[in-house]
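As annotated by TrEMBL, active site, charge relay system applies to ASP22, HIS58, SER238. Residues annotated as domain 'Autotransporter' in TrEMBL: 594-726.
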Amino acid sequence: LDPAPPPVIPAVPDSRKVAIIDSGLAPGRSDINYDSVIFSSYVGSDSRLNDNQGINGHGTVVALTLLGLSPGSTLYMAQASQNNLFNYADSTRAVHDLLDQGVRIFNMSYGSPERLTTVQTLIGARQRYQSLYQGLQAISAADGLAVMITGNNGTATPAPDVLTPLMYQDAHLARNLLAVTGVLETTGYDKPGRPAGSAMFDACGAAAAWCLAAPGYSDYVHQNADGSAVNARSFGTSFAAPRVTAAASQLLQRYPWMSGHNLQQTLLTTATYRSDAHDNQPDSAGGRPYNDTFGWGELNAAKSLQGPGQFWAEDFHASLDAGRYVFSNDITGDRGLVLDGAEHNGVLQLTGNNHYQGLTQVTANTLLIEGAIAGDARVSGSGKLGGSGRIGGNLINQGTVNSGVRIEGDYQQAADGTLNVTLTNPLRVSGRATLDGTLSLAPPSAGYVVQQQETLLTSGGGLNGQFSQINTGVFLEGSVSYDAHNVTGQLTRKNTADAADALGINAVSAQQTARNLEQAFITADRWQKQAALSTTQQSALAAAGAFQTLADAPNARAAINSLSGQAHASGNAVLFNALDYQTRLLSNRLSETDTEQHSGFWLESGQLRGALNQEGYLGNRYRYTLTALGVESDFDRPGLRLGIAWTQTQLNATYAESGGGSQNSLQGVMLYGRYAVTPQWYWQGNLSYQHGRDKLQRLVLLDEATPVSSSTRSDSWQAAVQSGYR
């Protein structure tokens, strides 16, 4: 849980998928990468790529806007309108098909022209919007995000489409919906009675809680009928929406574990607030983080890529799967963070100076606090918390906490909690520390310990209780003492061979390796007393320190085996088996009992597969492939065969436990002969030379798996003589 390297984001193909439901997409435009477009039509019979409004049609301009801002997205274009009219049944069929293809983000730049200004009229319109509602329900159930428009009537009431959660009194639906209004920085379109920049567009209105603004225009290249082109600008919320959709697509690619609601929360809370005060009218927010005109404010796509800006009204649930991610915004708000999800070693790092007031809960995966949080934190289950930052409130540990983080409040560790402390990096508590559960001690990162005593925990408010169990790993032993405000620990190195024997690691090769390691550590003990160390000595001590951090018998056994050199012995055994296989293949040829004369060229090949499992060798599975080309003659003498052969042998072996493998390529020449003294009594023999290159790749398992490889040249002579009577 040391400070994390740059985020590692696993590839998730579905995170690049984004859909536009519109009039289609025109073919033949140089400003569109059609290799990343999947087209389907739900109107008419033409399944070929087309925009039924022409080369500069509505859907095409929407797509140009989106792809210009998110060129890495894979665009699913669903044609669901004709004559600039949408049928909700067609668009809902498109939604279901797109969900089946793994799409989670939908751009819906369309809306009804009617305006329903009261709750009663909204509820009364349910029958007309039932198909739309079913489509939005499907998106919500699939944890997707629908990006919709408020409209272009210039009123204070948005299109009924974005008010569907209110129409059906379905608050859950609003979690997966973004309403988008437009904004213009130019004053040329302003009108009295409307906030600056908003006159052309319908306001967020009753959808303000899930609404934000984006520039309400698109600049694009307009293709004329004569083949010429001019720069053009189209206005409308239809072109504000794809800006938000593009930001959502970029956000999902950055955080592929985010739910549709996570995307909505992040885009809303990172928007730049824009007041709607005008004509002596105050801003309509009234203490909310959004107002009736621009919602949460203007889209800030760059800020959204740094994570949420607020945890407001409800906790932010980060359900990680795997990979490392960073929230670097200074997060505010009245609620908290919940880190959970599948336990695949996912890591979320908070680097901002966060002032949200809610509880930080870690129930799975790892949270690294490198900046600060203002409130309380709780760790439970398989959750882990660490970092070098500050917790402004109390910390309750029912999971795993790593030292290094500073706690301004109290620290309470339950019986099922574990505190991992690295020497020289204690847990610092300003308040009171109540102790129970497990304390695990480890040497400093890449540090080698002979004997070391350090403060493990300091508490300004005093200590209550003691740890019930102390873990030091298998190659260190430790003790802990307590006073009024401090916990002090001491680590001492164990004899490596004795520790291995106590763990039941008693194979002959493993015990010999443990004894060799102990002799190396005795030398390292002396180095620790030196004032200056060479680079080689420092590297060796770092490896020794990594070995000391091994926590249990399985890891210790794997590490010792990886250091034993068994792989080299196994590689040689595989090589000798291959040479023996070559000799036997030729011997079988010479043992043919037919009485025909033997002269001319011959070619033989064969393959052998097997496994080596023997004490002192690293278990492996091998494959030999042999090709031999020879020429022989009987020199017109009955019973005589003399010949020469060229051989090519390819060996491949894969090793168990520590992984890795070996590849050997041998080329050789062989002289051979057989003479039948009588039909029953014979002599035969061969003399061969083999030259090859052997490459061994394996893993050394210490604090992490480190690949190592070696390459050697092999030269071998082999002779065999055999006589028999039959």
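A Cβ is built for glycine as well, from the same backbone N, Cα and C atoms used for every other residue.
All features noted in TrEMBL, drawn onto the structure.
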| residue | record | Cβ neighbours (10 Å) |
| --- | --- | --- |
| ASP22 | active site, charge relay system | 30 |
| HIS58 | active site, charge relay system | 22 |
| SER238 | active site, charge relay system | 27 |
Separation of alpha carbons, ASP22 (active site, charge relay system) and HIS58 (active site, charge relay system) (Å): 7
Overall pLDDT for the domain 'Autotransporter' (594-726), taken as the rounded mean: 78
SER238 (active site, charge relay system) and ASP22 (active site, charge relay system), Cα-Cα, nearest whole angstrom: 10
Collapsed DSSP category at SER238 (active site, charge relay system): helix
